[in-house]
Amino acid sequence: MMDAWQGWLYVAAVVIPLAAFVVQILGLRLFRKQTALIATGAIASSLILSAIGFGSYFIASGGMPSPHAEGHEGESPEASPAAAGAFSEGRAAPLAWSGNWTWVSLGRGLLPDRQPLAIPIGIRIDALAVLMFLMVTFIATLIHVYSMEYMEGDPRYPRFFAYLSLFCFSMLGLVASSSVFLVFVFWELVGICSYLLIGFWYEDRSNSDAANKAFIVNRIGDVGMLVGLGLLWTQLGTFDIAEINAGLSAVEARQGDALGRITSEDPGAVWNVMIGGTERSIPHWILVLAGLGIFAGCVGKSAQFPLHVWLPDAMAGPTPVSALIHAATMVAAGVYLVGRFFPLFSAEVLLVIAYTGGITLFLAATIALVQVDYKKVLAYSTVSQLGFMMLALGVGGWAAGLFHLLTHAFFKALLFLGAGSVHHAVHTYDLRPLGGLRRKMPVTAATMLIGTLAISGVPLFSGFYSKDAILASAIHFVSERPGHALLLVLPASGAAMTAFYMFRMWFLLFTGSSRGWSAAGLAPEHGQRDDPAALAHESGPRITWPLRILAVPTVMIGWPLTILPLAVAGLPFHPVLEDWLSSAAPLPAQPLGSAQSWAAATSLLVLVVGVGLAFLAYHPSKTIRRIDPARMAAHLGGLYSLFVNSWYFDEVYQALVVRPCLAIGRRAAWVDRVVIDGIIDGLAAITVALSRLDRAIDASVVDRLVSLVAGMIYVLGGVGRRLQTGRLRSYLMVLSIAFVLLSVGVLVWVVR
Amino acid sequence: MSDNLLLSLLWALPLAGSVLVLLVPGRSDLAVKGTALGVSALTFALSLVAFSSYLSGGLAETPLADRAALNTLTVAEGTGAVSLVDEPGDLVFRGPWIPYFRIQYFLGLDGISLSLVLLTGLISLLACLASWGIDRSVKGYFSLFLLLLASMMGVFLALDLFLFFVFFEFMLLPMYFLIGVWGGARKEYAAIKFLLYTLFGSVFILVAILVLYFYAPDGAEPLHTFDALRLMARTEHFTGTIFGFGVQSVVFALLLIGFLIKLPAVPFHTWLPDAHVEAPTPISMILAGILLKVGGYGLIRLAWPLAPVGAFELSWVVAVLGVVGILYGALAAMAQTDFKRLVAYSSVSHMGYVTLGLAAMNLIDPRYYSYGVNGAMYMMIAHGITSAGMFFLVGVVYDRLHTRDLGQLGGLMNAMPVFGGVTMLIFFGSMGLPGLCGFVAEVFVVLSAFNYSYGLAILAAAAVVLTAGYILWALQRVLLGRNDSHRGLPDMSMREVAVAAPLVVLTVWLGLFPQSVLGWVGPSVDRVVAAVASANGAMPEAEEVALSDAAGGSSR
């Protein structure tokens, strides 16, 4: 049942791409190139619906929340002892449209006074979902347009768009889902779309390997998710995210913690949770386990350490796919789910989330420093940025993490599309022979510069504000828990590295002049001429216009109302989007206090370090004294090869997981063939041998006995035959003798 | 149509067909095939008639036992005169067969058996269509084929244990010849292995049936009946010991071994890969699609309801066997280089879910157990569809390339795009991709297992990685890559598409709308769950933890 017409709007926005997919896949041969138009039309209609939904939500929820509403509320010093319960009750429930229908209902009449146990499917559209819809449909529409040119001439062009439509359906469904079960369903569906699109050019073995790897690594995370689902369902009897959130937000244990998290010294402590009007209970350790399980799913999907290995390989797919799925939308789904299901995570799990994010962002940034493939730089940078988001959520910066999710989606999509534009022109992903493309591809160069400025965190660009918010959350957390200083060091150094590797990439691609394959000491790829950039030219309008359009939100969506980052001067400022998000937070935000000023200072400092180093090392200008990158690498020593080899994760997994698994599989097959079948065949052989023995005994013993008996009878018969003389006289004699003997016998017997 | 006619025709029609096929005059193979196809189609149509009368009669709402109680059979002591009452339109028929031993001709359908009857009808029809390429002793093949169909129908229809056993045994005979005569290189070995293995299991079942016959009490007297439903109703009186073991445990263990061999469950599974690899394609379809389900059906219809207390005592053994089967089958599948053998091992893995779902007996809140048993039931249906499809697709490749070596395949996606698309979909269905049928079954079983044992549930959940591993790897080796030697292979013919299309549609349909099946299968399964739970004393008192009604948004 749907409670508002806007809900149907969103159902339509989800279902239209699915309908488009069905039409395309059934009519692959019929429509040929028209599939692109069908797919684009479908996602564009979803965009329009999402925009209407956004407007409607904006009006229905009373417009912009007043800035700092959260901050003031929390700042009244000891408002927090009034406890977490009061926290959430004090706030008006954020507006959400929802509708649920029964998908499966079983167990009727098994408990006399209870309803059957049902698994519902449904949607729930809250502020976060409204924003996500707008972001996903907007970027997806642009990428559809972009792909029309980028994929032109591909023999499987129609199928590409069919897959894109399926992906859009799955992604939008994931965002809209009201229950974590349904999230899991779409989770797997986006996974399979990702599989199909990574392996789109499946003729190359390495591409289909990458696709398999992506899906299987994701499934490892999904095991955790299944565990989380099972535990929650068993303990709480529902999958509904909003119900569980509401129940867990009010748990008493939040009172004892300064950061409003569920903490307990005793793992066996049992929390009473109100779920949909009835009280259920869940032991603390199961809550932790369930949280870790759900988070494991997010680790897989959002390519976090230690399951990050699939995302760099996923770059084997066409670049629009990398931009849409593996940068802007799907990989952010893990972060989205953590945000959506935030109250589930207890203090221990949040700490795990924070450290996972921190380690991921640091690892990936170090690897990105040394990549020579510009798409891989972007891939590792995506992993790293997702780490930032996770870290933010882990330290309690709910709005900051999701804010970064949105800003990142725009600038990373822009960067990937720019990279695709470059590849479209030069047909290589190798940075080393390229250079000086700024003059040949001015639009691409300019838009990518905007993206680079945004991701590096230059003030006035969106990335600055979101990264600043993350650092503020981290600083606040560390000031509360000084033991976890690493959670500040990691993102700060990661931010510096981000600025460095992004500017390195931009300088190497666009400034100076083309270096050529031979100067870089390499053999040209696929029989290219020596200078891959020789014939490069700006891409067509269907590629450049999406870049131009994406550049606008890349700059603007982070802006506060006053535009200027006044926090530097100690004045409060808040980006509009972040305010909007935090008004919808499932748990009330923490007052950050002075952390904001420190954060602004820190982010400016690391920015200067990162960009400065990149400038000195890679800017072609002769006037600036240059640092030789090779010497920098030499200084790093063993670390350098560690980074180049991505910390040897693939090799370690190959040795510790993949090969043992295959070996066990072979062993199992061997057991079947040799041991079990050996026993079976052995039993059969023994049976046969026994029956042979039986036959032998039959022949030698039983048969002989039978023959013996027969022989004896024969002999006796022979004897008897002699009696058969045929003469009456001898018969009579025998008879009379017999009679006499009998009479004597009877007489003796009677007399005795 | 009276119950007797309808139910009897379901097995008698293919039986008559198998004779009819032999009588087809002349040497025209086409006439033989046409006749067989016609008979299979008619049988399927009959199962649809039964289905529609099941739905229109609202029979899902009435327990099978209640319906059966209205159909009575009495044999006068002295004269032997038979009087029977047949309640019309309830899909139960009780007639006399061997009155001296109180053996009845007792047939009936409920959601559990009806779903499998429908599956049998459909898969047999498709397998018959897939048999078009048979060119050796055509008459014999189709005659045996229909004989097999008749006995499979009989197994699912019979409610008298003796009758059940007769059909159960009779199934082996045509299967033995179908593998042994029309099979591949090692057909004799595979056929005899299959036959002896299953016969070995049958012995246990027979002993269990006889124990029930002689021990099941009716007050102070033994009941002396083969009527499965009456025996089920008496389980609470069925106590006592044999050799120091509880009678129920003994009966359960005997039935379990017998049906686990049929299912098959590790470690009784090695007949399966051999039988599958050597059997001709359509017979593999039937073997995987239906014959394995006989094992699961036996467990859910007989083993659990006939010995619920024993089942509960031994449930942990069964659950462990199930999880071992899931993991072992998946791992072994990963190591195969023969396409068909890989698919065969995937069956072993999937049947592990059936075992686990049945064994996840947490009776504190039987609604969760209901998800396990329903998941097991759904797995049988879903696996019946996907595995039949998978074997058919293996056959499609084999017909063209005459090899099943995964090392020599590859690049078929480009050569045969329709085949590629269908293969991807069916294999994804088997992998448990949401939106396709395998997912529903898998996820129900795993979720329900969390109510039984966290450890086992986590292991079962971990198997989804292995499943994805062997399925994706197989797809990669068969479909993807480039292989110029396969260029120009003909794509699937119209006949092949006709076989695959219903399977594809069902794979998607069952994945999206499970309630459309569970709506009429579920009540029957739930009654089994209720009976098992109450026999173990778990039902009447509802425990105190309040549950939310997750009954959907009606309240929200």
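First residue shown is number 1, and so on along the chain.
Using N, Cα and C of the backbone, Cβ positions are placed for all residues, glycine too.
For B:158-466, the entry in TrEMBL reads domain 'NADH:quinone oxidoreductase/Mrp antiporter transmembrane'.
For B:6-24 (among others), the entry in TrEMBL reads transmembrane segment.
Beyond the transmembrane segment (B:36-55), the same-chain residues lying 6 or more positions past its ends with a Cβ under 8 Å from any Cβ of the stretch are 1, 6-7, 9-10, 13-14, 16-17, 20-21, 89, 91, 109, 111, 114, 117-118, 120-122, 124-125, 128-129, 131, 142, 145-146, 149, 153, 520. Per TrEMBL, the feature transmembrane segment maps to B:36-55 (among others).
Marked as transmembrane segment by TrEMBL: B:112-134 (among others).
Look at TrEMBL and you will find B:141-159 (among others) tagged as transmembrane segment.
The annotation transmembrane segment is assigned in TrEMBL to B:194-216 (among others). Counting residues 6+ beyond its ends, the transmembrane segment (B:194-216) has Cβ neighbours under 8 Å at 161-162, 165, 168-169, 172, 175-176, 179, 222-226, 231, 234, 237-238, 240, 242, 247, 250-251, 254-255, 257-262, 268, 271, 274-275, 298, 306 in the same chain.
What TrEMBL lists as transmembrane segment is B:238-261 (among others). Beyond the ends of the transmembrane segment (B:238-261), by six or more residues, the same chain brings 197-198, 200-205, 207-208, 211-212, 215-217, 268, 271, 294-296, 298-299, 302-303, 306-311, 313-314, 318, 321, 355 to within a C-beta distance below 8 angstroms of the stretch.
Taken from TrEMBL, the feature transmembrane segment covers B:282-304 (among others).
Within the chain carrying the transmembrane segment (B:316-335), a Cβ under 8 angstroms from the stretch's Cβ atoms is held by residues 256, 260, 265-266, 269, 342, 345-360, 449, 452-453, 456, 459-460, 462-463, 466-467, 469-470, 473, all 6 or more beyond its ends. Under the heading transmembrane segment, TrEMBL lists B:316-335 (among others).
Taken from TrEMBL, the feature transmembrane segment applies to B:342-364 (among others).
Taken from TrEMBL, the feature transmembrane segment covers B:376-398 (among others).
Residues annotated as transmembrane segment in TrEMBL: B:418-441 (among others). Through the fold, the transmembrane segment (B:418-441) approaches residues 346, 350, 353, 357, 375-376, 378-379, 381-383, 385-387, 389-390, 393, 396-397, 412, 464, 467-468, 471-472, 474-475, 478-479, 491-492, 497, 500, 503-504, 506-512, 514 of its own chain, all at least 6 residues removed from its boundaries and within a Cβ separation under 8 Å.
Under the heading transmembrane segment, TrEMBL lists B:496-513 (among others).
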Which range out of B:6-24, B:112-134, B:342-364, B:496-513 gives the transmembrane segment (B:282-304) the most CB pairs under 8 Å?
B:112-134
Where among B:6-24, B:112-134, B:141-159, B:376-398 do we find the most Cβ pairs under 8 Å to the transmembrane segment (B:342-364)?
B:376-398
If we skip the immediate neighbours and take only residues 6+ beyond the ends of the transmembrane segment (B:6-24), which ones have a Cβ under 8 Å from one of its Cβ atoms?
31-32, 35-36, 39-40, 42-43, 46-47, 49-50, 53, 91, 93, 107-109, 117, 139, 142-147, 149-151, 153-154, 157, 167
